[in-house]
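Enquirer: Attaching a single structure in structure tokens format; questions to follow.
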Amino acid sequence: MSKYGWSLNAVAITFSITSLSLAFSTLFASKLQEKWGLRKLIMIAGLALGIGLILSSQASSLLMLYVLAGAVVGYADGTAYITSLSNLIKWFPERKGLIAGISVSAYGTGSLIFKYINAMLIDSVGVSQAFIYWGLIVTAMIVIGACLIHQAAEQGTVQATKTQEYTTKEMLGTKEVYLLFIMLFTSCMSGLYLIGMVKDIGVQLVGLSAATAANAVAMVAIFNTLGRIILGPLSDKIGRLKIVTGTFIAMATSVLVLSFVDLNYGIYFVCVASVAFCFGGNITIFPAIVGDFFGMKNHSKNYGIVYQGFGFGALAGSFIGAVLGGFKPTFMVIGILCVVSFIIALLIQVPKQKKEKEEEYRSVA
């Protein structure tokens, strides 16, 4: 940043672009998979991701940084993410929550672990060279991993589940897909905004030192990962809608406490850790819910539509915060949306299909 005189806020926009590009890519990943096959697609995505990072080392303008580290990296990341996740769920259609939990928690754990490697790289070789090393590392890991992937058989998946199979067009004709979008949007906006602002919230609202608030950031990341590991498998046993309903109660309570209660370190940490835990769980459960509602045959395409809630949620929190001019008004908006999503979670039902399937699903949800 100092080399080119870029501000921290200007560089930070790259993450928002990456998140939006990641979500956008999921709309088209399934079509690319049909054309190239899963293994080849993930290899190409790995190469594109690596090239984007390597070329980012030569970025001499913010526009280049936004295109390479933002749009290119995000698109490649999202393409590999959605197709590999859907493929895993298709292999084990009766344990969607468990498999999604393993997959999504691995995705989150990678960022938690490798940030320390990234810090060491930056300290030893500098930011520009670190981009090059990262590009080489991720390319090797993804391409090697892709060689081990086997694509799930579509016919076997359809026979293993009794859910009616919806095309994307048919899914868009149901009200449930839009309700699921609202719920995922709310969860992602809540989680991503608070996780991104944990340090600033601690310093400004609680009066913590920068060092203490930074330690809270690491702990919140751990709770986010725990939510992915715990709530996904739990949803297989007690029902996904029960879990999601509970998470919106917890998130609404947490943000309203942050808005109206005099904060100390304990209250602050419980609230932000709770939101991170619930967000981690929901980002794991929603792929399984889409499979439960609309079938597995077109899961990549269908979840790609609902997953746009992640992209818009990633931007909405910061946008609302900038418009309202503070944490507490933003928390209140998030709290209201969580209450709305809680009501939706209570009322939403599987789209009309075979009666026995609907009764089976609602008995556990």
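Numbers here mean position along the shown chain, with the first residue as 1.
Just so you know, glycine gets a Cβ as well, placed from its N, Cα and C.
Annotation source TrEMBL lists domain 'Major facilitator superfamily (MFS) profile' at 1-353. Annotated transmembrane segment per TrEMBL: 6-29, 41-59, 65-85, 97-118, 130-149, 177-195, 201-223, 243-261, 267-290, 302-324, 330-348, in sequence order.
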Enquirer: For the transmembrane segment (243-261) and the transmembrane segment (6-29), decide whether they are in contact, meaning at least 3 CB pairs lie under 8 A, counting pairs 6 or more apart in sequence.
Expert: no
Enquirer: Could you check whether the transmembrane segment (65-85) and the transmembrane segment (201-223) come into contact, where contact means at least 3 Cβ pairs under 8 Å with the two residues of each pair 6 or more apart in sequence?
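Expert: Contact criterion not met.
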Enquirer: Can you tell me the mean pLDDT for the domain 'Major facilitator superfamily (MFS) profile' (1-353)?
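Expert: Reported value for the domain 'Major facilitator superfamily (MFS) profile' (1-353) is a mean pLDDT of 90.
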